[in-house]
Amino acid sequence: MKRSHQETSVEEEAPSMVEKLENGCGGGGDDNMDEFLAVLGYKVRSSDMADVAQKLEQLEMVLSNDIASSSNAFNDTVHYNPSDLSGWAQSMLSDLNYYPDLDPNRICDLRPITDDDECCSSNSNSNKRIRLGPWCDSVTSESTRSVVLIEETGVRLVQALVACAEAVQLENLSLADALVKRVGLLAASQAGAMGKVATYFAEALARRIYRIHPSAAAIDPSFEEILQMNFYDSCPYLKFAHFTANQAILEAVTTSRVVHVIDLGLNQGMQWPALMQALALRPGGPPSFRLTGVGNPSNREGIQELGWKLAQLAQAIGVEFKFNGLTTERLSDLEPDMFETRTESETLVVNSVFELHPVLSQPGSIEKLLATVKAVKPGLVTVVEQEANHNGDVFLDRFNEALHYYSSLFDSLEDGVVIPSQDRVMSEVYLGRQILNLVATEGSDRIERHETLAQWRKRMGSAGFDPVNLGSDAFKQASLLLALSGGGDGYRVEENDGSLMLAWQTKPLIAASAWKLAAELRR
């Protein structure tokens with residue numbers, strides 16, 4: 001099943017949100033309208049701001065005073081969409097006599113933003129999770145009473161986010177400053193996954209506007225490990241990545257007596273116990289297993305400790321095991337002679353899970369790294385990457401793509417696997433740090449440069465690699481793993497021209513592929 005990825009687009013003749021702001025939001029008769037409220041759909045003259053604020057304050061007092069004792073709905077006057085805030089507030093103050101009972105936690109469901117959604121669309125209220133006004137419960141199918149319809153907070157939130165990002169791209173920082181404050185207020189009132197992801201995007205925009213960037217030296221590697229462990233436990237994305245890569249490795253070494261794996265990102269080594277146990281059960285006895293783990297120099301002691309723990313496991317399950325830890329600041333600094341490969345006597349595998357996209361931050365580095373991989377002549381290369389295009393030149397395009405992508409990720413955390421709230425929060429922080437890097441930084445500091453499977457296919461092909469079909473068995477077993485891990489109905493495994501993808505609802509989020517040297521290079 002091959003997915004057709006379709007980007008959200010805006011007709012060329014349609015003015016941008018920032019242009020609407022700068023032109024008074026569209027038109028004659030709206031002169032002197034407050035531009036920051038206008039982008040959110042409210043028509044308020046600058047001269048009326050004080051009067052509107054007073055009316056809204058009075059309305060809030062009336063609602064607060066009446067909520068404890070009222071049980072009826074509004075009278076028979078219809079209150080229309082409150083785009084005219086002044087008239088709406090006055091009408092409410094005049095006609096509001098009673099206040100319906102309300103469960104303050106009442107919310108409706110919010111779909112994740114998908115590629116087919118127009119971010120500014122106002123269609124279909126049924127699937128948006130928004131915290132509704134106190135009058136919400138007065139709406140029934142048979143009721144003839146008047147109701148008040150509040151504009152969807154979620155739609156306004158996305159509009160404000162995109163408008164702010166566009167203002168940033170146009171370097172209109174005064175407008176961006178005002179909009180990012182509005183985004184923060186809207187995000188605070190938005191329930192569920194959308195409110196959470198918007199809060200991280202608002203912080204990232206604010207950091208970009210005010211040029212407040214976290215120092216790379218200030219990031220504690222041990223804290224990063226904790227976040228990644230929680231992400232691994234909380235959702236199936238890393239489990240899927242490790243499982244599909246391991247399955248490809250097992251199929252490539254069925255008759256090998258010596259297996260050597262070079263892991264370009266050892267991290268906590270969570271991938272390798274499962275592979276070692278599978279090798280131990282291989283018919284005819286396990287092969288000798290060599291693991292070369294690459295990590296950051298700041299974690300040199302942790303790498304050696306991990307090697308010791310894996311050696312203990314290997315001894316317990318009867319697998320001959322050797323470990324070699326390598327440290328480097330940049331993967332592009334690796335050289336072929338560092339790996340001590342033995343081409344004649346071993347099957348060599350190079351493994352990369354979410355490690356290639358950061359290399360794109362340095363021009364020419366990915367080409368050098370892939371040339372090094374090619375030089376060691378691996379029998380197999382496994383690659384798992386995020387299925388997203390976050391490495392384009394245009395900031396607004398990257399922002400829109402990231403908003404869609406992380407909305408789906410946050411939604412899967414909210415509605416997918418049932419997990420403790422603390423683990424979910426840590427996973428959200430893990431993803432939030434990616435959002436901050438993607439939106440707030442530029443140049444070599446921006447390492448979250450995710451690319452799609454189609455883009456990686458071009459890069460791997462240019463570097464001299466041919467694709468390896470992961471096969472129907474890997475598809476079936478990955479689907480089974482997903483079911484056994486309690487992944488929820490929203491997750492699904494998709495096959496894409498021999499590669500596998502893990503999707504939430506209809507949006508692929510993770511892509512796993514396997515590669516071998518082109519035929520002319522395998523001699």
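A Cβ is built for glycine as well, from the same backbone N, Cα and C atoms used for every other residue.
Residues annotated as domain 'GRAS' in Swiss-Prot: 148-516.
Per Swiss-Prot, region 'Disordered' is recorded for 1-28.
Taken from Swiss-Prot, the feature region 'Leucine repeat I (LRI)' covers 155-209, and the record attributes it to sequence analysis.
Annotated region 'VHIID' per Swiss-Prot: 228-293, in sequence order, evidence recorded as sequence analysis.
Residues or ranges marked as region 'Leucine repeat II (LRII)' by Swiss-Prot on the basis of sequence analysis: 305-337. Note on the region 'Leucine repeat II (LRII)' (305-337): residues 264, 266, 268-269, 272-273, 276-277, 279-280, 286-297, 299, 355, 358-359, 362, 364-366, 368-369, 372, 375-376 of its chain, located 6 or more positions outside it, place their CB under 8 angstroms from a CB of the stretch.
Here Swiss-Prot flags 348-437 as region 'PFYRE', drawing on sequence analysis. Model confidence over the region 'PFYRE' (348-437) is summarised by a mean pLDDT of 93.
Look at Swiss-Prot and you will find 440-516 tagged as region 'SAW', backed by sequence analysis.
What Swiss-Prot lists as motif 'DELLA motif' is 34-38.
The feature motif 'LEXLE motif' is assigned by Swiss-Prot to 56-60.
Taken from Swiss-Prot, the feature motif 'VHYNP motif' applies to 78-82.
The feature motif 'VHIID' is assigned by Swiss-Prot to 259-263, with sequence analysis given as support.
Taken from Swiss-Prot, the feature motif 'LXXLL motif' covers 356-360, and the record attributes it to sequence analysis.
Across the range of the region 'Leucine repeat I (LRI)' (155-209), the DSSP-based residue counts are 49 helix, 0 strand, 6 coil.
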